[in-house]
Amino acid sequence: MALWLTVVIAFTCIGGLASPVPTPSPKALKELIEELVNITQNQKAPLCNGSMVWSINLTTSMYCAARESLINITNCSVIQRTQRMLNALCPHKLSAKVSSEHVRDTKIEVTQFIKTLLQHSRNVFHYRSFNWSKKS
């Protein structure tokens, strides 16, 4: 009996480690894309006074990395809604000391960052939409 219980607990733990990272709903991802499109569409002046943010690797923890990169941008009402959306999409809570998964070696303008995030979000949405439709 004890051996059986140990096996069940072991499989439960391994299953938890192997389970995929929670993914946002298609609706949440679509709303983020719409917001990013709104930001980039009618932009004439430099976004957020030309503020610079750390470039990130969007292939891992995209929403958390994007949130972390934009966290220090203040007094820029244009991206506040995006920051809130990224905060909701990231399953990890911000700690007092933010530690990054990416190497902080390249800074880019917020405008370029938002455009890159938009393109990557669209790719993720289309890829997931294709896979969701195949499962149906």
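A Cβ is built for glycine as well, from the same backbone N, Cα and C atoms used for every other residue.
Per Swiss-Prot, the features are:
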- Cys48-Cys76: disulfide bond (DISULFID)
- Cys64-Cys90: disulfide bond (DISULFID)
- Asn38: N-linked glycosylation site (CARBOHYD)
- Asn49: N-linked glycosylation site (CARBOHYD)
- Asn57: N-linked glycosylation site (CARBOHYD)
- Asn72: N-linked glycosylation site (CARBOHYD)
- Asn75: N-linked glycosylation site (CARBOHYD)
- Asn131: N-linked glycosylation site (CARBOHYD)
- 1-18: signal peptide (SIGNAL)
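Sequence features, as recorded in Swiss-Prot, placed on the structure.
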residue	record	Cβ contacts under 8 Å, 6 or more apart
Asn38	N-linked glycosylation site	none
Cys48	disulfide bond	Ile73, Cys76, Val78, Ile79, Val110
Asn49	N-linked glycosylation site	Cys76
Asn72	N-linked glycosylation site	Val53
Asn75	N-linked glycosylation site	none
Cys90	disulfide bond	Ser61, Tyr63, Cys64, Arg67
Assigned element (helix, strand, coil) containing Cys64 (disulfide bond), judged by DSSP: helix
Secondary-structure category, per DSSP, in which Asn38 (N-linked glycosylation site) falls: helix
Among Cys64, Cys76, which are disulfide-bonded residues, the residue with the most C-beta atoms within 10 angstroms of its C-beta: Cys64
